[in-house]
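Per TrEMBL, these features apply:
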REGION    1-20  region 'Disordered'
TRANSMEM  137-156  transmembrane segment
TRANSMEM  163-183  transmembrane segment
TRANSMEM  195-214  transmembrane segment
TRANSMEM  226-247  transmembrane segment
TRANSMEM  259-279  transmembrane segment
TRANSMEM  291-310  transmembrane segment
TRANSMEM  316-335  transmembrane segment
REGION    379-409  region 'Disordered'
Amino acid sequence: MAADQCEDVYRDPSTDSHSSGLMARIRKFNPKEVFTWQLARTLAMGQGLAGLICGTAITSQYLASSFHVNTPMMQSFLHYTLLCLTYTTMLLCRTGDGNILQILRKRWWKYLLLGLVDVEANYAVVKAYQYTTLTSVQLLDCFVIPVLMLLSWWVLKAHYRPVHYVAVCICLLGVGAMVGADLLAGRDQGSTSNILLGDGLVLISASLYAVSNVCQEYTVKNLSRVEFLGMVGLFGTIISTIQMVILERKEIAIIQWSWQIVLLFAAYALCMYTLYSCMPIVVKLSSATSVNLSLLTADLFSLFCGIFLFQYTFSGLYLVSLVIILIGFITFNAVPTPTDHTDPATASFPVCEEAYYSYPVAYQNDIIKQEVAVRITTEGEEGGGAEEKRKKKRTPGIFNEDVGHSTKM
């Protein structure tokens, strides 16, 4: 009895307060604040991007297996050309600071480096299949996630919470289940001529993709989507043309052209063009890290299509992997990851709009109420006594002094 009393005396009070705080948080949990239309839209658009990557994988597989065409730079040249014809032309038609000449005068070397990074990221991962196995590519390609989180923390000042790291681990667990299903089904395809070189190319490609995605997130949230795509299309076309002439002129010369090959090239280019055009929209709604987590399901979609098109062996682990990845993605997006990447010199309406949409619905409603109250008081400035009555209707909150600067109603 005395021992129990001594134990009660020396019990750490912080433990009790921590457990009570955790229970209070659980009781206050509202699923409607997590499972919002914003989350559903981000999830649907992310899986749409994964479906486009699946389309590029299927067309490339047909070109390589059925027609013995292996020209990754030519395929890249086609979609960069489409981007250039569309978005670079739009920049040519602009006036003022948004004109292409003004952009090139101020930031040409930055976009040149960005175009080089993007082109070589696409080329390195395709080249890696010639030296290493499919399993190695699938596993090592996930290296883009930690690199992207590190760059987002360093460059964009993203504030990750423990739940985000847990969500990433859940997604990587799903990738592990997918790779295990491949091994059980005997799909460890690919070359083993130089595994070290192939694995190194995958890691390089993942790092370059991370750099490109961080630059994309910063550009679309602080400048514009059209500027990013127009500059990537311009410099990507130039770089891929030079690289294609140097590395693939012999392979292109021996292609036995037919309407099937032309159709496959066109399908690949359209899938990549749509992917590049839509990805900045999803990045602006969420983040580059969130988009890459959703793209982890692209390999699974390719496997599901391969069951019907290439007679792959089905495994129940594929479905388990898909569910695990989606759970990790939803967990990651359930908690906002605010960033401090806004450049005061270039901040504009889209940045404010994106910051607004990064908060839960209940929090957005508070901001709307505060803005309505501010508008009521502003319109009643000439009303004398009526102004004082309207001021009493303002909704109290932490942003009462700042909501007037918001551009979202």
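Along the chain as shown, the residues are counted starting at 1.
Glycine residues also receive a Cβ, built from the backbone N, Cα and C atoms like all the rest.
Nobody curates TrEMBL annotations by hand; they come from automatic prediction.
Using a cut-off of 8 Å between Cβ atoms, the transmembrane segment (163-183) and the transmembrane segment (195-214) share fewer than three residue pairs, counting only pairs 6 or more apart in sequence. Only sequence-distant pairs (6 or more apart) were considered; of these, fewer than three Cβ pairs between the transmembrane segment (137-156) and the transmembrane segment (226-247) are under 8 A, so the stretches are not in contact.
Beyond the transmembrane segment (195-214), the same-chain residues lying 6 or more positions past its ends with a Cβ under 8 Å from any Cβ of the stretch are 114, 117-118, 120-122, 124-125, 127-133, 136-137, 140-144, 147-148, 151-152, 155-156, 283, 288, 291-292. If you look at the transmembrane segment (226-247), the same-chain residues 6 or more away from its ends with a CB under 8 A from one of its CBs are 71, 73-74, 76-77, 80-91, 98, 100, 103, 107, 111-112, 114-116, 118-119, 123, 216, 219-220, 276-277, 280.
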